[in-house]
Amino acid sequence: MAGQKQELPVSGEPLAVESPMTNKKKKKSKKNKHTEENHEVEEVPQEVTNGVEEELSNKEKKKKRKREEKESEKNKKKDVPEKKLEAEDLGEGESEQQKVVVTGKGVEEAKYAALKTFAESNLPENVLDCCKTFEKPSPIQSHTWPFLLDGRDLIGIAKTGSGKTLAFGIPAIMHVLKKNKKIGGGSKKVNPTCLVLSPTRELAVQISDVLREAGEPCGLKSICVYGGSSKGPQISAIRSGVDIVIGTPGRLRDLIESNVLRLSDVSFVVLDEADRMLDMGFEEPVRFILSNTNKVRQMVMFSATWPLDVHKLAQEFMDPNPIKVIIGSVDLAANHDVMQIIEVLDERARDQRLIALLEKYHKSQKNRVLVFALYKVEAERLERFLQQRGWKAVSIHGNKAQSERTRSLSLFKEGSCPLLVATDVAARGLDIPDVEVVINYTFPLTTEDYVHRIGRTGRAGKKGVAHTFFTPLNKGLAGELVNVLREAGQVVPADLLKFGTHVKKKESKLYGAHFKEIAADAPKATKITFDNSDDED
């Protein structure tokens, strides 16, 4: 903590420890006034002086001062509050410095200092074998490993492509090795020790690939279970004994209810893309699955946003004082490495405009271009339309069998068919390298989904382009989209401003000091599902 400035707590509020670089960045923060209102995670109470207070007599003022002094003295005697660390971090492949905020009890302890190198983790060589191609830990790995390796419950908020799979994967492997005493080899273990929940099949497979590669040098066995494929091989693999299970909520619940999968030994649980999981209507099966794990467990949640329903789930199943690590801004923000082009047009003009854009961006038919549709039937129609126009295209959506989806994704990744049409099933979490252009044929239902869609390009420090069609039907989201564009320093077209810049107020805060802002009597939202592409069999 050398060279850092410490500010004394105000009225019992958490201690803020800031680096000099953080102070520099704060001076620059005035340029986006429209985002300032929601930018602070924790508010410092301030004296509010109204007209009545100004007229207080000297006697009343003295009494008021004494009351404040007594209150201040009481706060000093209370337990030491949670700390908050703020620092600037430059991660692997990041084009600019990004803010890292770590909150929770004991975060200022030396043992929790962010890792600058993999060697500082003091992990066994076979555990770090999967990291040898990386120069240093990414920011999310650097800041979360010290806590996770110490057994702390943790909430991680970071954009996709930040290295979060290994952020929870390496600590999960170490947890299993210690639990099963397998560092030097060990006996066969039937029931799993670690469970990773994913909202989609594609993301589950991607996580499984990473954990299988990371766990093999340590002698660990993992299995990926999801709907849309035969249960037979999955059941056989589980019965033969596994250490780590990765799966989607529907199939996991099915296997638990049929007494094939027993989670009583699971003591390390990860919820990846937690916000997406609940948004897709999986809250009830997620609760059922978590209730079947060991009561003594370490819980990890990763999410791109932190809405109220995810807060409540965390409050119920996590330690009351989890560590919270936020990489980047807590506000909805797009990747600054992506050039965002918004084109306002009539719905009927989209087909011909799409062809014109492909002739511009995909003339070589070798670079990867990802086209987003909103509905499954729309994705099917676009795939046929493009093929009829002579473009080599494939698609992934819920109406396709899992084997077809896997094949389409493989063809796109390897470059055999570098034009992919997808619904939002591919928008979150998937690591598809070298996507040069994203085209939003239909604007998504939320600006959050828009940010995640365009995040498929501009990854690992590379530049990308996102071209979006915006029609009068989307005008209700114009204000939020304008804010996203301005935050990223992008051009806001005059045609978009014609729809207005009003942003509907959200009923609850997205972020706060863990769970303090949760309203116990908040009404449960009614979910409307438009694309059930990930309903489990």
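Even glycines carry a Cβ here, placed using N, Cα and C.
Fair warning: this is a prediction, and the values are worked out from it, not measured in the lab.
Taken from Swiss-Prot, the feature region 'Disordered' applies to 1-97.
Swiss-Prot lists 22-80 with the feature coiled coil, giving sequence analysis as the kind of evidence.
The compositional bias 'Basic and acidic residues' feature in Swiss-Prot is assigned to 68-87.
According to Swiss-Prot, the feature motif 'Q motif' maps to 116-142.
Per Swiss-Prot, ATP binding site is recorded for Ala158, Lys159, Thr160, Gly161, Ser162, Gly163, Lys164, Thr165, and the stated evidence type is sequence analysis. Spatially close to Ala158 (ATP binding site) yet at least six residues away along the chain are Pro139, Ile140, Lys164, Phe302, Ala304, Val325, Ile326, Ile327, Gly328, judged by Cβ distances under 8 angstroms.
Averaged across the motif 'DEAD box' (272-275), pLDDT in this predicted model comes to 88. Here Swiss-Prot flags 272-275 as motif 'DEAD box'.
Residues annotated as domain 'Helicase C-terminal' in Swiss-Prot, with sequence analysis given as evidence: 349-500.
Per Swiss-Prot, phosphoserine is recorded for Ser533.
Assigned with DSSP, the residues of the motif 'Q motif' (116-142) fall into helix, strand and coil as follows: 11 helix, 0 strand, 16 coil.
Remote same-chain partners of the motif 'DEAD box' (272-275), defined as residues 6 or more beyond its termini with a Cβ less than 8 Å from a stretch Cβ, comprise 164-165, 168, 196-200, 203, 207, 301-307, 310, 313-314, 428-429. Taking the binding-site residues Lys159, Lys164 in turn, the residue surrounded by the fewest other Cβ atoms inside 10 Å of its Cβ turns out to be Lys159. In this view, Thr165 (ATP binding site) is surrounded by 24 other Cβ atoms within 10 Å of its Cβ, with every protein chain counted. Around Ser162 (ATP binding site), taking its Cβ as the centre, 24 other Cβ atoms fall within 10 Å, counting all chains.
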